[in-house]
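Everything below concerns the one structure shown next.
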Amino acid sequence: MSAASLYPVRPEVAATTLTDEATYKAMYQQSVVNPDGFWREQAQRLDWIKPFSVVKQTSFDDHRVDIKWFADGTLNVAYNCLDRHLAERGDTIAIIWEGDDPSEHREITYRELHEEVCKFANALRGQDVHRGDVVTIYMPMIPEAVVAMLACARIGAIHSVVFGGFSPEALAGRIIDCSSKVVITADEGLRGGKKTALKANVDRALTNPETSSVQKVIVCKRTGGEIEWNRHRDIWYHALLEVASSTCAPKEMGAEESLFILYTSGSTGKPKGVLHTTAGYLLYAALTHERVFDYKPGEIYWCTADVGWVTGHSYIVYGPLANGATTLLFEGVPNYPDITRVSKIIDKHKVNILYTAPTAIRAMMAEGTKSVEGADGSSLRLLGSVGEPINPEAWGWYYNTVGKQNCPIVDTWWQTETGGILISPLPGATALKPGSATRPFFGVIPALVDNLGNLIEGAAEGNLVILDSWPGQSRTLYGDHDRFVDTYFKTFRGMYFTGDGARRDEDGYYWITGRVDDVLNVSGHRMGTAEIESAMVAHPKVAEAAVVGVPHDLKGQGIYVYVTLNAGEEPSDALRTELRNWVRKEIGPIASPDFIQWAPGLPKTRSGKIMRRILRKIATAEYDALGDISTLADPGVVQHLIETHKSMSAA
């Protein structure tokens, strides 16, 4: 390994860090040798109503997968994120909200946030929402979205946040799956100067007869735009708050009671409702937030994710607020009104820690130094990356141009299902290698296995698995425990299968190589190929579709679709555009195909399985690396696809 690619821990970071290398090694060792003792001690960072006596009861045996942490303890998540901070830091800023328009921002103290959460919790109770009921939150990035999440947690309701970029059809599917009782939305969202019709999307979603579980729609006024109103069903958020009491006792919740459901893409098409519970999740989010970001009281922390994704749940809301941090909530996008927006926000709010995605970094990098022109940036102390592996080139640009070579980068690897960061450098303990997620967090035991499930030792490449449970782990898929077991524990028995491939180097550092299943990673967001294929095939002119990921300069992975049309249908540029718009409507803009190639037939095995491996190679013009195609039902299809791809590339 060349010395140039290693960035040792900076002495000034090591001097002030919460976790230096010796501490990391000692704590990690204890966490894997004596998990009960380690997590019993760490759990003291939470305020318990009834202390737990048992720490860890977990089994990865695929006949009885069962995950419980601190099972007999009770507590309340909202109390841990709000009430317990009031005496010491009630007047500390909890949330800095930065609007889409740079002229708009708000600062909300812990005391103010606590009051609004209590009022809205009472308002929800007034709408017959109680412990165990599911509430769908389909909101822009405004403080009321965080209020809604914490209000649910306060009364023991389960929230299901759906990203505001999802279509009415996708929203309806996520409402139906969890029999949601109430939907909370806004009249419109604002993002990059454009309005999104959130309330209209909810109205459309609720025309689906299977969404009849929804009794009320609570609407927050964001733009004041024209919306349709159903006076039997719709209620204004502000009207509810005006009459609500600001006193609301937090509900005593069991450690293993449900906190939230978050839908993530699966390889079979139907989105999976990942279920997280109360104590283990909160403890893990708080501990990882403190240690990975080396968070110190009074610092300004900005995670650029959307609350509709797990990163927003764990590292905008629950982790930072449990730690009494100041968390920045940004409504807009990194390039609006122009590409300097991120640096301007950093300077305006004196941001110390920036946690963003490689997609945003690549978008800024594409503009050279323009994105940091006129910026000071001296408040920054630490940079983070999340959502997909960051390529070394983007890492170097982020380190040199945004961090001015003064800020360590924590390149974090984790998933919706893991609740929090599993593999990441700790800034005061880990020498950095651009592109590597480096070492496991406390209590996390990663391993590599071959395709037969045999453990591979030393420097090697293989399937990434985790050998034992950690408190932030998802407990099940909502209403479908069999699918949970099949997806994560059947492939490699007795292990949690991440769906990712990884390489381990001679220093024991992990390098994530990408998905090994049929899931794409577009701009840091997971999307199942089956979900896009299903949407495409639902179009009346399409007979069959196959989706593969291809490298994309900005998004990381682009969406490449092979389409077979029904007999009698003619391919055309107009139809290409129509199909793109169709997928946008079915799933959302995020799933819009980057490339559509017409395919008279697809390469299939004799059993009818589409050979995606071949399609991936053709899409990236690796025509000589197709491997053995003699087993295909019709090998002639391949040459035709290659010719079409060549003519597309030439055009």
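From the backbone N, Cα and C atoms, a Cβ is placed for every residue, glycine too.
Note on Gly192 (CoA binding site): other Cβ atoms within 10 Å of its Cβ, all shown chains, come to 14. If you look up Swiss-Prot, you'll see Arg191, Gly192, Gly193, Lys194, Thr311, Asn335, Ser523, Arg584 marked as CoA binding site, on the strength of sequence analysis.
Secondary structure from DSSP puts Thr412 (ATP binding site) in coil. What Swiss-Prot records for Gly387, Glu388, Pro389, Asp411, Thr412, Trp413, Trp414, Gln415, Thr416, Asp500, Arg515, Arg526 is ATP binding site.
Taken from Swiss-Prot, the feature Mg(2+) binding site covers Val537, His539, Val542. In this structure, Val542 (Mg(2+) binding site) is part of a beta strand by DSSP.
The feature N6-acetyllysine is assigned by Swiss-Prot to Lys609, with sequence analysis given as support.
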In whole Å, how far does the CA atom of Thr311 (CoA binding site) lie from that of Thr416 (ATP binding site)?
8
What three-state class does DSSP give Pro389 (ATP binding site)?
coil
In whole Å, how far does the CA atom of Lys194 (CoA binding site) lie from that of His539 (Mg(2+) binding site)?
28
Among Gly387, Pro389, Thr416, Val542, which are recorded as binding-site residues, the nearest neighbour of Gly192 (CoA binding site) by Cα:
Gly387
Spatially, and counting Cα to Cα, which of the binding-site residues is closest to Trp414 (ATP binding site)? Options: Gly193, Val537, Arg584.
Arg584
I'm trying to understand the geometry here, so how far is the Cα atom of Gly193 (CoA binding site) from the Cα atom of Gly387 (ATP binding site), in Å to the nearest whole number?
25
